[in-house]
Amino acid sequence: MIDGPGAMARRHDCVRDPRVARSGNSYSDGMTMKKNALDFWVGLFVVLGFVALLFLALKAGNMSSLSFQSTYSVKMKFDNIGGLKPRAAVKSAGVMVGRVQSIEFDTQTYQALVTIDVFKPYTFPKDSSAKILTSGLLGEQYIGLDPGGDEQLLKDGDTLTMTQSAIVLENLIGQFLYSKAADAGAGKPAVPATPAPAAPAAPGPAGASPDASQTQVAPASATAN
């Protein structure tokens, strides 16, 4: 069926109707806004996930608190550093005054060589002592500095000689169990010793009179005969 001129004109008018054009533009604009909002939230979640992964990586590497303060290095040796790690805190009187720079093994003394970075605003006497402590019962280990009384102060590259190694929990538990086992063994009653059998008397020389202790008394029936 062929449309007449009137139908074609009406169809042409509908296409050119501005109300129909505006409704189509509004629909497309709404779809574009929804897509932009979705892209925004997806991008935000991706950024937050990346930040969380970066934080976990820094935390695992003990680098969550980077510092750009001026420092001077001090070396010290320990027989046992326990679980001490690089970037661990260095504290004095509970205040963080530096961080552990590196941990190496001295092949000559067979000790752990620890180098720390002390913040320059803090100075310590040369006879100060260092010990490895633990935050709480099972927390991270750090180095504690106890100031001495020397008038000369530590300088960059100096070495502390007075150190105290870390207290290893496994060693303490082993010593406790060993002492308990030793106490339990000491509390048991002693087993009495079996007396040794008496040795037989040696025979005397010929013609010698028998000892009084060895003289036998004859029975009564023998003396009657």
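Placed from the backbone N, Cα and C atoms, the Cβ positions cover glycine too.
Noted in TrEMBL for the protein shown:
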COMPBIAS  192-203  compositional bias 'Pro residues'
COMPBIAS  213-225  compositional bias 'Polar residues'
DOMAIN    71-148  domain 'Mce/MlaD'
REGION    185-225  region 'Disordered'
TRANSMEM  40-58  transmembrane segment
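In the predicted model, the domain 'Mce/MlaD' (71-148) shows an average pLDDT of 93. For the domain 'Mce/MlaD' (71-148), DSSP puts the residue distribution at 0 helix, 46 strand, 32 coil.
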